[in-house]
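Q: My structure is below; once you've seen it, I'll send some questions.
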Amino acid sequence: MGLLFSDTFKHWFSNRETRILMLGLDAAGKTTVLYRLKLNENVMTIPTIGFNVETIEFKNFNMNIWDVGGQDRIRALWRHYYNNSQGLIFVVDSNDYRRLDEACEALHKLLEEDEMRDAILLVYANKQDLPNAVKPQEL
């Protein structure tokens, strides 16, 4: 599995820097995931009104990750961030069963956009540590 990921990573991201969007509904945990990747620790966050951008280095490769707020009124602005994005991390709150359909609808809507057609997609099933979380394979 790791070799497959590594080969795919090299194929799609052959240059040394790439732009990745991190999207999802509000309170899915996007900012927490971003700073866990960046700092390797859990940090306290507040709801994102706008965006956070961090560069994460992985094996001499820079990933510019754009964490964009997920509130309903902000989702209409997501399209302004699609241009030149090679990857998409879509974060889902696995513990919020009531909003899974809304998350699925938001994901399908953004995948229909021409600018996201060739982006690599990772659906991140967040909050798996909570007792009622939906398993990743059930998403």
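Please read every residue number as a count from 1 along the shown chain.
Each Cβ is built from the backbone N, Cα and C atoms, and glycine gets one as well.
What TrEMBL lists as GTP binding site is G24, L25, D26, A27, A28, G29, K30, T31, G70, N126, K127, Q128, D129. If you look up TrEMBL, you'll see T31, T48 marked as Mg(2+) binding site.
Could you give the neighbours, burial and distances for every feature on this list?
A: Summarising the environment of T31 (Mg(2+) binding site), the number of other Cβ atoms within 10 Å of its Cβ, over all protein chains shown, is 22.
DSSP assigns T31 (Mg(2+) binding site) to a helix.
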Q: If you measure T31 (Mg(2+) binding site) to G70 (GTP binding site) at Cα, how many Å is it?
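A: That comes out at 10 Å between the alpha carbons.
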Q: What does the structure give for the C-alpha distance between T48 (Mg(2+) binding site) and G70 (GTP binding site)? Integer Å is fine.
A: 8
Q: Whose Cβ, among the binding-site residues K30, K127, has more other Cβ atoms within 10 Å than any of the rest?
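A: Counting every other Cβ within 10 Å of each candidate, the maximum falls on K30.
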